[in-house]
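Participant: The structure under discussion is supplied below as structure tokens; questions concerning it will follow.
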Amino acid sequence: MPLTLVHARYQLLEIIRVPVAVVGSAFFPAAAMLFFVVPFAGDDPTGATYATAAMVTFAVMSANIFQYGIGVAEDRDQPWNPYTRTLPAGPEPRLAGRILAGLVLTYLSMLPVVIIAAVATAARVTPVGLLLGAVTVAVVSVPFTLLGLAIGYSLPSKAAIVVAQVIFFPLAFGGGLLSAPGDAPGFIQVVAPFLPTRGAVELMWAAVGDWRPDPLALAMLGVWIVLLAALSGWAYRRDEGRRFS
Amino acid sequence: MILAHADQATRRYGDVLALDRVDLTVSAGELVGLLGPNGAGKSTLINMLVGLRRPSAGRVELFGGDPRQPASRRQLGVTPQETGLPGTLRVSEVVDFVAAHFPDPVPRGELLDRFGLTDQAKRQTGGLSGGQRRRLAVALAFVGRPRLVVLDEPTTGLDVEARHTLWEAIRSFHADGGTVLLSSHYLEEVEALAQRVVVLGQGRVLADDTVGAIRDIVGVRRVSLAADDLPALPGVVATEHTDGRTHLLTTDADQLVRDLVTAGVAFRDLEVRPTSLEEAFLTITAADPTRTTADPAGTGTATSAAVGGRPTA
């Protein structure tokens, strides 16, 4: 798979040469951490740990939705993208390279949240829990990667920016990422299990603590993954670059 | 040996028919110019041949296979649009990236040297001049030691000197046995490089022949003279005035001169010469729209296959 690594390397090079993009996806979860978690749940070890896991999920979601949704849509606007499709390689290395680069960025963008949690809160995690959490990050980035790809491959970049932003907030709030487990407002308790963010955050909580995830939320997460995989696969196949010639 | 082939290739975008049952065959060793105004279907045809779009109907083949299969593109070289180079990557990085896709790429140093980019190797492509970017874009088509190079508008927006440098590179590739398909709306370019010209207009092949034959098919001559006042003359396709001289384009120069004489016009410095391909081309694409004989490509018998081209944007 060296070609996959080549694609991942150049994707990362392009992103890192404009470092503001990395700062962007890391900023919001870090800011939410500083403003909402540190003052309110900072002293309670369990609460702070769960809140940190929720913010990590938040970071994973925002990094993936934005970098794939907007990144792919913008790439499709660039003449460079069709050019790479004339090279003698199938779509796999490019896509795999993109996802590899995306995973690297996802880990980068959650780093500030983890550092703030370690320095400024009572959040605690065992080494095994930390490792499990890191693996879970890769798992829960799957639905959001697929969501981002579906947006990026089906919409022009200007529409993708708007749709990514519109989708992002209801998913974060509705999934209960900004409230403690079991402490969300009533209507959020009702809708949360049906959103992919809930299943994702429940998995994160289970990885770093004693949380027993809600089976309904996990089942719905599976349903979301299948649906989003089908949607992004469809969008990818019908894409021939821009919609006009 | 046939390297690229379109058989009744048709492409629709919604209601728009961009390409209408186009036949095209490019054989090994040829240098074929694809000529037509913007919107004629050149890019659509090229995009199909390099595997970017599939035909709505008909068939396209590259090295005997489906261009959408990566294996069919192993001996193909394509030029990205100069504006499409990733601006943050360095010249050497862009070359290395493309080279990673081919089994036996041209060494980077050799390629950059051939296209005069050695001094720019460490620069980000976003900081290059337009001419340097264009040279890099064309260089990328040659990285993988291709047998067929497809160049879509390779010198658009270049100054004369840069254009001639690129022409030299294309000519030397062809001289070494390479095959080239090149689209352009610069008629001078097709005239300077190509042996065979395919004229596209409104998605159809209007003519497919040698540069000379295309000129002869149209048979347009330029009659230049100095005269104060000219009456309306039959058979004049276009009229221009430069430096006190009047240039008349006509399909029958002999009759025009006879008409000038019988009309008793006082003229001086009469000059009759063959037109450039550009003038021939304007005549094919913009002449009398009732004569839409759009002769099946390549027979070369059409006296005037006239389908009005869409205006060049």
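Cβ atoms here come from the backbone N, Cα and C positions, even for glycine.
I grabbed these lines from TrEMBL:
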DOMAIN    A:8-204  domain 'ABC-2 type transporter transmembrane'
TRANSMEM  A:20-41  transmembrane segment
TRANSMEM  A:47-66  transmembrane segment
TRANSMEM  A:99-123  transmembrane segment
TRANSMEM  A:129-152  transmembrane segment
TRANSMEM  A:159-178  transmembrane segment
TRANSMEM  A:216-236  transmembrane segment
Participant: The transmembrane segment (A:129-152) and the transmembrane segment (A:20-41): do they have three or more Cβ pairs under 8 Å, with pairs 6 or more apart in sequence?
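Facilitator: Stretch pair does not touch.
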Participant: Sort out the residues at least 6 away from either end of the transmembrane segment (A:47-66), same chain, that have Cβ-Cβ distances under 8 Å to it, and list them.
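Facilitator: Tertiary neighbours of the transmembrane segment (A:47-66) are 24-26, 28-30, 32-33, 36-37, 41, 102, 105-106, 109-110, 113-114, 117, 121-125, 133, 137, 140-141, 144-145, 147-148, 151, 164, 167-168, 171-172, 176-178, 180-181, 197, 200-201, 204-205, 207-209, 211.
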Participant: Can you name the far-off residues of the same chain, 6+ from the ends of the transmembrane segment (A:129-152), with a Cβ under 8 Å from a Cβ of it?
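Facilitator: Long-range Cβ neighbours of the transmembrane segment (A:129-152): 53, 56-57, 60-61, 63-73, 75-76, 99, 102-103, 106-107, 110, 160, 163-164, 167, 196, 199-201, 203-204, 207-209, 221, 224-225, 228-229, 231-232, 235-236.
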Participant: Which residues of the chain, 6 or more past the ends of the transmembrane segment (A:216-236), have a CB below 8 A from one of its CBs?
Facilitator: 91, 95, 142-143, 146-147, 149-150, 152-154, 192-196, 198-200, 202-203
